[in-house]
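Here is the structure we will look at.
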Amino acid sequence: MDHFLTRDGELWAEDVPLSEIAAAVGTPVYVYSSATLLRHLSLFDEALKGMPHLVCFAVKALSNVAVLKLLGEEGAGMDVVSEGEYRRAKAAGVPGERIVFSGVGKTRGEMRTALLGGIRQFNLESEPEMRALSEVATSLGVVAPIAIRVNPDVDAKTHAKIATGKSENKFGIPIAKAREAYREAASLPGLKVVGIDVHIGSQLTDLAPFEAAYRKVAELTEALRADGHDIYRLDLGGGLGIPYTRSNEVPPLPSEYGEVIRRTVGHLDCEIEIEPGRLIAGNAGVLLSRVIYVKEGEGRDFLILDAAMNDLVRPAMYDAHHDIVPVIEPAPGAEPRAFDVVGPVCETGDTFARGRPLPAFGEGDLVAFRSAGAYGAVMASEYNSRPLIPEVLVQRDQFAVIRPRTSYDDMIGRDSIPAWL
Ligand code: LLP
């Protein structure tokens, strides 16, 4: 459930009509609902009730500091994959002991920053990375808490670009080599083994791959304990999928996901960490855009919006579906019309939907892309020299711009012309 509902013939974010935000801030703009973010976070807390746990929001999904602060103040931890994300989490007031550092290519500089600033654990993905972290920690006179990300060779049955748990993917250490890797980790002076990490992919709509992966982690936990390692924390990654259309089948609920965790690793007496991003942020955000033109083509009509692939790249990049809905409800009985929905960027790939039945939109009408809170603003670029668009956070009847639209002067002013030109 989310808090974008139609009231008095128009779409609202909590107690604010989206048309009011469009009028005040302009379009395109991302709009997030605080109540929805918090509700989704609480679903995971409920799902893991009774087990010691920490829900670490995957910052990559939506990294605005205001959003991180909102979640952090509710007790969420953060899963970060770069120094930039680490600094964002810290800027949001999240203490180091609630920040987990994941990612396949952490640099020594990033390791140093996190060790000095405080860190819950590093999730390490290769032997060279283990050696590097041990060196950095030793040079600082500290010991780094670590989990090793194991690759369980499980098919997540999701889009190939966001599956991470097969042996052909770049992620983690093959689970078959894990005992050896842990042996080396335990021998390195700058590391302290605390647990195991796994993440098999994103937008999973079936629990079976999670179940398969977590069973392997449970077996590994016992094997590693038998080898003498003190495994007391399991980071089970993110990846639970969300409904992208209001009509199709519903992905598993966080409560059902929690049951899988309980069933597979609940008996191991470990602290559980999970790293959801999409489920917390996805349906907590919309991208609000305006129709620039309706162009009648040959055999198809184009709805040309002021948002483009640079603002929301998921349809172009993953053929992802986002529901596109009117902000002002069409008159009852109005005939829908099939549109190709496109942006102004000069590429055919700048297409959000083909032949989509929609209300008979006209110039100036407002539309909302649903489910755009996760992997929306964070993946935006300034391609075609289109400045980054603003982000707005709603809380009940208030809203605030939490990132302003980049101005043309700021965008162009970042370039500098060498003296010889
Ligand atoms: N933990 C790790 C180590 C990850 O790599 C990811 C996502 C997550 C947690 C969070 O997964 P989530 O709960 O959000 O599924 N840009 C793509 C998604 C890429 C996901 C990358 N890793 C998209 O727009 O679909």
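Counting starts with 1 at the first residue shown.
Placement of Cβ uses the backbone N, Cα and C atoms for every residue, glycine included.
TrEMBL annotations: computationally assigned, not manually curated.
What TrEMBL records for this protein:
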type	residues	note
ACT_SITE	CYS346	active site, proton donor
BINDING	GLY239, GLU275, PRO276, GLY277, ARG278, TYR375	pyridoxal 5'-phosphate binding site
BINDING	ARG278, ARG314, TYR318, GLU347, TYR375	substrate binding site
DOMAIN	30-373	domain 'Orn/DAP/Arg decarboxylase 2 C-terminal'
DOMAIN	36-281	domain 'Orn/DAP/Arg decarboxylase 2 N-terminal'
MOD_RES	LYS60	N6-(pyridoxal phosphate)lysine
Additional residues surrounding pyridoxal 5'-phosphate, by Cβ distance to the GLY239, GLU275, PRO276, GLY277, ARG278, TYR375 centre under 8 Å: ALA58, LYS60, ALA61, SER202, GLY238, LEU240, LEU279, ILE280, ALA281, ALA374
DSSP three-state assignment for GLU347 (substrate binding site): coil
Neighbour tally for TYR318 (substrate binding site), based on other Cβ positions within 10 Å of its Cβ: 16
Candidates PRO276, GLY277: member of the binding-site residues with the richest Cβ shell (10 Å): PRO276
Top Cα neighbour of TYR318 (substrate binding site) in the set of recorded positions PRO276, GLY277, ARG278, CYS346: ARG278
Which of LYS60, ARG278, the listed recorded positions, has fewest other Cβ atoms within 10 Å: LYS60
GLY239 (pyridoxal 5'-phosphate binding site) versus recorded positions LYS60, ARG314, CYS346, GLU347 - nearest by Cα: LYS60
Recorded positions whose CB lies under 6 angstroms from ligand 1, from ARG314, CYS346, GLU347: ARG314
Candidate binding-site residues GLU275, PRO276, GLY277, ARG314, TYR375, pick with smallest Cα gap to CYS346 (active site, proton donor): ARG314
CB within-chain contacts under 8 A for ARG314 (substrate binding site), separation at least 6: ALA320, HIS322, TYR375, GLY376, MET379
Spatial separation of LYS60 (N6-(pyridoxal phosphate)lysine) from GLU347 (substrate binding site) - C-alpha basis, Å: 26
Same chain, 6+ residues apart, C-beta under 8 Å of the C-beta of GLU275 (pyridoxal 5'-phosphate binding site), given in sequence order: CYS56, PHE57, ALA58, ASP79, VAL100, SER102, HIS199, ASP235, LEU236, GLY237, GLY238
